[in-house]
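Worksheet: the structure to be examined is printed underneath.
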Amino acid sequence: MSDLVVDGLVAGYGDVRVLHGVSFTVRQGEVCAILGPNGAGKTTLLRALSGMVRTRGTATLGGTELAGRSPDTVARLGVAHVPEGRGTFMPLTVEDNLRLGAFVRRGRAEVEADLERIFTYFPVLKTRLKQEAGSLSGGEQQMLALGRALMLRPRLLLLDEPSLGLAPLVTRELFRIVQAINAEEQTTVVVVEQNAHLALGIAQQAHVLETGRIVLSGTAEDIRADEQVAQSYLGYRV
Amino acid sequence: MAGFLQQIVTGLGAGAIYASLALALVLIYQFTGIVNFAQGELAMFSTYVAWTLVAAGMSFWLALVITLVVSFVGGMLIERVVIRPVEGAPELTIVIVTVGLFIFVNAAAGWIWTFLIKDFPNPFPGGALELGAVTVNFSTLGVLGVVALVMGLLYLLFQHTKIGLGMRAVATNPASARLVGIRVGWTLALGWGLAATVGAVSGVLVAPLLFLEPNMMAGVLIYAFAAATLGGFDSPVGAVVGGLVVGVAETLAGAYVGFIGSDLKIGVPLLIILAVLLLRPQGLFGRAAVERA
């Protein structure tokens, strides 16, 4: 089984510690939502998992250690991270961006087949293949970022605020696609999101992060039903 | 009129050499956002390697191939050993390191080969092609052909290979390149290796026209800066077009503008740099930001 097991993960920037020992488990094929206010360490948590920041503690995917490795090594282990700001290669074409997602894979035929598979999720990308990625709209760029991540055939997909800067309608469409991907590919997903309602809609498990610690964990329904939580952390009433 | 065309042909020949060094500058700039002031000196050093091999009795073309390989490895080593420790430091720091490299390589060449000038063999036949009233030396044709070949190979590498795609990804967004699994450190080293190789071509082309000595590339480097500025520091095509334009402009100014003559020709690239920075800072082919938020 390729469960993600995070245990006592500590991370920060220079002398500033942001995560103070975070532990949780995501079972293979599940979607896990990480919620919490600004500055709670949600982005840092994803960065720690993909090797973008220094860490202590462990994070294993199917028994293989991710923590303490470089981002390119983590990617080669099958972890696709769609970072804050989407990580688009702006001056390159949409096609180049997608092919870069499969950079570490071998097997040309499989990659070509996956490209077609991406177009079934995001038909708009096919019509824009030769266009510069920087000329896409925000929603299209987020789709491109997801498509690029899928080209890795990831075992674990890390999504950082996919809704950021997008219109509500576009965001809902995007989450619908993430859900479909998770269902069809059995990809494990960790999604960090400000929009708790949307994230809880597709997640099985959720954790609320505050100032670098997990303050609440549970199933998505539990978290959604907890009125106290809703008011304190999620900023809406049920 | 024939005289004018003749000047243009001469200018293109010189320009092709500036273009090749400008190409090397642009390669490194694209990857690291820094200008490698030592590029000309590395090219000079490579040329000495070629000279040594030829002087030892090797055929020119075999010596060239070995020189290019040595330059490639040398460029990679320099990135790993000299540039790597200051990667991520402020640009000024890195630029100063390349200036230090300039001085070091220059002095090392003088130490190994002395500052006495050396004759460098011209690989191209001595004759010329008569096109009506215009005479085109075979060596000018050769230089233009070699630069066109280098351009073509780089184009193939960048646009049609996976390594090239990875290099373009690193040049545009290194953090994101890492996340898709590209080994960014090695890719940067590869970029330095390529730049050193392209620079070596420029040194080997210019050496038969000037004489081989440790300060041979100083002038060429200034023209290459003008070429890269004119074409746009982030555009390989721009570097080549810029090189050709600078070569022609310099030759025409020397021939037709009375007070410039051959002594003040070196002022032409300065004027070009100044004019471009004032009128179109990103250069002719440079990229003005087009991203949408």
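Backbone N, Cα and C define each Cβ position, glycine as well.
Record features (TrEMBL):
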type     : residues  : note
TRANSMEM : B:12-31   : transmembrane segment
TRANSMEM : B:51-73   : transmembrane segment
TRANSMEM : B:94-116  : transmembrane segment
TRANSMEM : B:136-158 : transmembrane segment
TRANSMEM : B:188-210 : transmembrane segment
TRANSMEM : B:216-233 : transmembrane segment
TRANSMEM : B:240-260 : transmembrane segment
TRANSMEM : B:266-285 : transmembrane segment
Range from B:12-31, B:51-73, B:188-210, B:216-233, B:266-285 with the greatest count of C-beta pairs under 8 A to the transmembrane segment (B:240-260)
B:12-31
Could you tell me whether the transmembrane segment (B:94-116) and the transmembrane segment (B:12-31) have 3+ CB pairs under 8 A, leaving out pairs under 6 positions apart?
no
Given a Cβ distance threshold of under 8 angstroms, which distant residues of the chain, six or more beyond its ends, lie next to the transmembrane segment (B:51-73)?
42, 113, 118, 120-121, 123, 193-194, 196-197, 199-201, 204, 207, 212
For the transmembrane segment (B:136-158), could you work out the same-chain residues 6 or more beyond its ends whose Cβ comes under 8 Å from its Cβ atoms?
9-10, 12-13, 16-17, 19-20, 23, 27, 122-129, 164-165, 167-168, 194, 198, 201, 205, 208-209, 236-237, 240, 243
In the same chain, which residue numbers or ranges, 6 or more beyond the ends of the transmembrane segment (B:216-233), come under 8 angstroms Cβ to Cβ?
14-15, 17-19, 21-22, 24-26, 29-30, 35, 37, 39-41, 43-44, 47, 202-203, 206-207, 210, 239-243, 245-247, 250, 266, 268-270, 272-273, 276-277, 282-287
